[in-house]
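Trainee: Below is one structure. I have some questions about it.
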Amino acid sequence: RESDHRAWTPVTYTVTRQNATVQGLTEGKAYFFRIAAENIIGMGPFTETPKELVIRDPITVPDRPEDLEVKAVTKNSVTLTWNPPKYNGGSDITMYVLESRLIGKEKFHRVTKEKMLDRKYTIEGLKEGDTYEYRVSACNIVGQGKPSFCTKPITCKDEIAPPTLDLDFRDKLIVRVGEAFSLTGRYSGKPAPKVTWLKDDIVVTENDRTKIKTTPTTLCLGILKSVREDSGKYCVTVENSTGSRKGFCQVNVVDRPSPPVGPVIFDEVHKDHMVVSWKPPLDDGGSEITNYIVEKKDAHRDLWMPVTSATVKTTCKIPKLLEGREYQVRIYAENLYGISDPLVSDEMKAKDRFSVPDAPEQPIIKDVTKDSAVVVWNKPYDGGKPITTYIVEKKETMATRWVRVTKDPIFPSTQFKVPDLLEGCEYEFRVSAENEIGVGDPSPPSKPIFARDPIAKPSPPINPEAVDKTKNSVDLSWQPPRHDGNSKIIGYLVEYQKVGDEDWKKANLTADSCPETKYKVTGLTEGLTYKFRVKAVNAAGESEPAYVPDPVEVKDRLEPPELILDANMAREQHVKAGDTLRLSAVIKGVPFPKVTWKKEDHEVSPKADIEVTGVGSKLEIRNTVHEDGGIYSLTVENPAGSKTVSVKVVVLDKPGPPRDLQVSEVRSDSCYLTWKEPEDDGGSVITNYVVERKDVASAQWVPISSSSKKRSHMAKYLMEGTQYLFRVAAENQFGRGPYVETLKPIKAIDPLHPPGPPKNLHHVDVDKTEVSLVWNRPDRDGGAEITGYLVEYQEDGAEEWTKFQTVPMLDCVVTGL
C-alpha cells in the first residue's frame, strides 16, 4: 500500500519463490509491503516491512561527461567546455573534476582544487609551447564517475584566423515605409573581430527605431517602422588584427510620392478648355513616377470630375468647360507604391482665349525725392496676347482724377521714374497693362507717399555751451545743426555725465520736450563737476552728440545786477492823458535780482500792471490821468549788489482852473477882471484864457474873450444896474481846463464916494442942557442920495468926539448936555 493510504493492494496470488518483483509503482512515492504464506488449509498471517520504502532507481556514480571541446587557445591559456553525462547515476551532479596531462608524462593532474559546477573553464598560467591533453569527470553523492574521453593534444600558442563574413541579405533591399527590416549574418575570426555598421559612410548608432545586436558569431542591424530617410547604402565591417571583411546592401525605403509641386500654372485659358502645367513631386517615394491623375471641379460645386488618369507628362489639357464658369484643378502623382496627396489649383474662369491683360498687383514706390518717384510693379497675366505697353497714372491723395505720367510707351521695363512731382504733396500711383485687345484694369493704388527728399539723421548741433548755472542746475544753449537730414528737427536730447562716471544720463526723455536750442538741466548736485552733450533728433533718428567743451562745476554764480534801459526810460517820459504808460528795462544778474518799482518813494498805484520775467521787467498803466505823472524808480537787488534808475513821467493833460479871480473898477458899463495862472498847467504851456459872463437872471454864459494870453481882462458893454457873474478857464494844446467863477454877482454901477461936508452949520437956540442946530446941504452927494447926517459933540478941552445921533433932515436938537 502507499504510505498515505490504508488500503492494501494485492500484487500476485501465486508466488512459489521467496522473492517477487513488484511492478507498476510510481517513482518517488513511499510504499509499505506485506507477505503471507499459504497452504491447502489456508493463508497464514502477514509479515509487514518495518518502514516505508521510497521507490527510485538504484544510485551509482555518474556516467562520463559528453562533448569535451576546446573553445579557445592562447599562448598561456586554454578554454574548455563540456556537456553533462547522459545519466547522473540517480543523484544530482555535485561537481566536475578537470584534469590535464603534459604530453610525455604519465599521470593526470587535477587542474583546480575549487568545487567546479560550471561546464566551462579557462586554464591560465600555462607555458607557451607546452602540449597538454585534458579530461573531465562528474561527481555525485556516490562518488566520481568515469572521466570523459581525452581531448586531442593542445599546444599553448595564440590562435589566428582572418575574419569570415557570411551575410543573409543581398546587394539591394526594397522596404515599404512603416515596415521593419533587418540585415543579419554570421562571422568568425581569431582574435574575435570588431563589428561596425555604417550608413552612407556614417556610423549607425542605436535609437528608438534602430537596434544593433552582435553575438560572438552572429550580427544583426534592425530598423523598426522604417521611414524614407532610412534609405541608403548600408555597410557592415568585420575587422581583427589579421584583416577585415565588408558587406554592402543598398536599402530603398519606398512610399507613395509627395504631392506635385505647385502652383498649378494655367498656360492657356479658353472659354471651353484650359492647359495647365505643374512640377514633379520633390520626393518620388523612392520609385519612379508612373502616372499623374488630373481632376477638375466647378468652383461652386463639390463634385470632382476625372480628366485623365494616365499621363506621365507634367502638363494636361482640361476639356469640356463652360464659358464664364470658374474651375479648380487638382493633380495626384502615382508610383508603384501608391497615390500622393493632391495639389489643388487656384480658381480660374473659363473665358475667351485672348483678353485684355489682368490688373497688375499693387505697385511699390521707391527712391522718392522732392520732385520724382520710381514706381515698380510685377508683370500681370497678359490675357493671351503679349503686353505692348504699361500705363502709369498718378493722383494727389485728396484728388479724384487720375493723370497719366507720360504719353511715351513704357515697355518692357516694369518700373518707371515719375518726374515733375510737387514737393510736399502726397501722391498715389497705379499701373495698367495694354495688349492688342485693349487696356486692362488698373492695379490697386500704391501706398501714399509724400514728395520730398529722403531723410537722414541730422548732423550734430553747433557750439553747445553752458550759459548759466546755479547750485543745482546748468543752462545750456546751442545752435541748430548745419544739416537737418531733409526732415524737420523734432527737438533735442540733452545728456549729462558726472566727471569720472562712464554712463551718460538723460536730462530729458523725449526730443519733443526740448524743441528750442536751449535747456535747463536740473537736479544736479552742488559742488560736483559735470560734462554735457546734445543730440539733434528728426524723423530718421538721433544725430551724433555735440559736447560742451569744458566740464562745468555746479554752484551759484554771482553777478551784480545790471539794468539796460529801454527807450521809454532813457529820458523824461511824456504821455498823453488817457493813453497807456509803459516803462521797461532789461535786467541781468545772477541770481536773478529782486525787482521793486516805486513812485516818489511810495508804492506804485494799484492800477499799474507790473510784470517780471527772467530777462527784465515792465510797468504798464492804462488810461493815464494827470495824477499818474511823477518820478518813477526801478530797483533791482541780489546778493551781489543793487542798482536803481529813475525816470520823470509827465502826463500831458488840460490845465487846472485859474486861481484867485478878482473883479475891480466896477462901472455902470464895465469892470476889470484879474486872476492868477493855474497851479497845474497840464504839462504844457498855457496858450490862452477863455472869459465868459452871465446875467444872473439868465441861464446862458456869454463868451467875452477866448484868445487872451494875459491874466486880466476889461469886461465892457455892461448894462447899468444889471447883476453879473464871471468865469475864466485856461487852455493848452490838450484842451480847455475847468472854469473858476466869481463867488457873488457884481452890479454894473458907477463907484460911490463919501458926500462932501454939510455947509453953514450954526445954532439957532441954546438952553442949559440942549442946543438947536441947523445947516445946509453939501455941495456934492458922492454919487448917491444922502441918507442922513451924523451929529457929534465934544466937550471943550477934551480930545474925543461923542456920537449923538444920525438925523435925516437939515436940523437937530442936541440934548443931554
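Cβ atoms are placed via backbone N, Cα and C, with glycine included.
Marked as domain 'Fibronectin type-III' by TrEMBL: 1-58, 64-159, 259-353, 359-454, 460-557, 657-751, 757-817. Annotation comment: TrEMBL describes 163-252, 561-646 as domain 'Ig-like'.
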Trainee: Check the domain 'Ig-like' (561-646) for me and report the mean pLDDT.
Mentor: 90
Trainee: Across the domain 'Ig-like' (163-252), what are the DSSP residue counts per state (helix, strand, coil)?
Mentor: 3 helix, 58 strand, 29 coil
Trainee: The domain 'Ig-like' (163-252) and the domain 'Fibronectin type-III' (259-353): do they have three or more Cβ pairs under 8 Å, with pairs 6 or more apart in sequence?
Mentor: yes
Trainee: So, by DSSP, how many helix, strand and coil residues make up the domain 'Fibronectin type-III' (359-454)?
Mentor: 0 helix, 38 strand, 58 coil
Trainee: Which numbers of helix, strand and coil residues does DSSP report for the domain 'Fibronectin type-III' (460-557)?
Mentor: 3 helix, 44 strand, 51 coil
